[in-house]
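Asks: Checked TrEMBL, it gives:
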- 26-65: DNA-binding region (DNA_BIND)
- 89-190: domain 'CoA-binding' (DOMAIN)
- GLY100, ILE101, GLY102, ASN103, LEU104, GLY105: NAD(+) binding site (BINDING)
- 219-273: region 'Disordered' (REGION)
- 221-241: compositional bias 'Low complexity' (COMPBIAS)
- 244-262: compositional bias 'Basic and acidic residues' (COMPBIAS)
Amino acid sequence: MATGRPHRPATRSRGIPEATVARLPLYLRALTALSERSVPTVSSEELAGAAGVNSAKLRKDFSYLGSYGTRGVGYDVEYLVYQISRELGLTQDWPVVIVGIGNLGAALANYGGFASRGFRVAALIDADPGMTGRPVAGIAVQYIDELETIIEDNGVSIGVIATPAGAAQQVCDRLVEAGVTSILNFAPTVLSVPEGVDVRKVDLSIELQILAFHEQRKAGEASPPAAPASIPSGPGAPAGAVVRGRDDAEVRAEARAGRDGDPGDDLPAVMPA
Ligand SMILES: NC(=O)c1ccc[n+]([C@@H]2O[C@H](COP(=O)([O-])OP(=O)(O)OC[C@H]3O[C@@H](n4cnc5c(N)ncnc54)[C@H](O)[C@@H]3O)[C@@H](O)[C@H]2O)c1
């Protein structure tokens, strides 16, 4: 059984902060689009705009990669694609298993974008015997009993959990026990893992809550609607919860900080669990 994960420092090996690591895929996506258009170089301002990050933060992030660009020319697009891909470990092929092949698991399996980003769906696993052998995205679903063998045979280190919340911890424990050291969790539950195992949690409802907060602010602060009793607020509220009852200056200051201060540190859809 897995034990609780102790506190981990906010920097990774080679001293690259986690917040920088979290922005590298944004740069890579923007750079890949430039590369596909055969754009040879890009300025920090242009790239920052395309990635939705402020340019000073981008320059700081790239300094961790040892990439400083050339004054008046900018950054070499192809070289940056290579540098970031290498830093993210995408220059090698990562076999991934998806556990729980329902609506979400099947949609993930059918997503064509993983392969071009260095991920190969090695196996699809489900606990419903009726699913066994059924092809999803051209891959036959395998029964959960095979999980350990599949992981070992394919050298899998990354697992995706798309089961109901009640099954997620048990699935997680089996994945970890079998040798998986990185987990992407879509189930709405907090997973407990031993030290050395990384968990990222995807929660689209948190993103929607954040958008609801911005919508409310855009609608004007004059007469905000009353908070429904079911939405928690105040200091103990979860990230993304709508917080009401503060004075206008405080809300505006926060809005400015969100726009100008540190846009790249907005809570991402994928977050550490
Ligand atoms: N994070 C998000 O933004 C987001 C969005 C949608 C759904 N979800 C979550 O993703 C999960 C899947 O949603 P869905 O709509 O695909 O559900 P679903 O019911 O369609 O599919 C769940 C699948 O998991 C399988 N399963 C159940 N227990 C299992 C176990 N122990 N081992 C292996 N497989 C098992 C079931 O047989 C089923 O095929 C749910 O937890 C849901 O809340 C998250």
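The chain as shown is numbered from 1 upward.
Placed from the backbone N, Cα and C atoms, the Cβ positions cover glycine too.
Annotations in TrEMBL come from automatic prediction, not curation.
Remember, predicted model here, so these are calculated numbers, not experimental data.
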Asks: What are the DSSP helix, strand and coil residue counts for the DNA-binding region (26-65)?
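Replies: DSSP classes over the DNA-binding region (26-65) add up to 29 helix, 2 strand, 9 coil.
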Asks: Can you list the residues of the same chain, besides GLY100, ILE101, GLY102, ASN103, LEU104, GLY105, whose Cβ falls within 8 Å of the NAD(+) site's Cβ centroid?
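Replies: Other same-chain residues near the NAD(+) site: ILE98, ALA106, ALA107, LEU108, ASP126, ALA162, THR163.
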Asks: Does DSSP give LEU104 (NAD(+) binding site) helix, strand or coil?
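Replies: Its secondary structure by DSSP: helix.
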Asks: Compute the average pLDDT of the predicted model within the domain 'CoA-binding' (89-190).
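Replies: A mean pLDDT of 95 is what the model gives the domain 'CoA-binding' (89-190).
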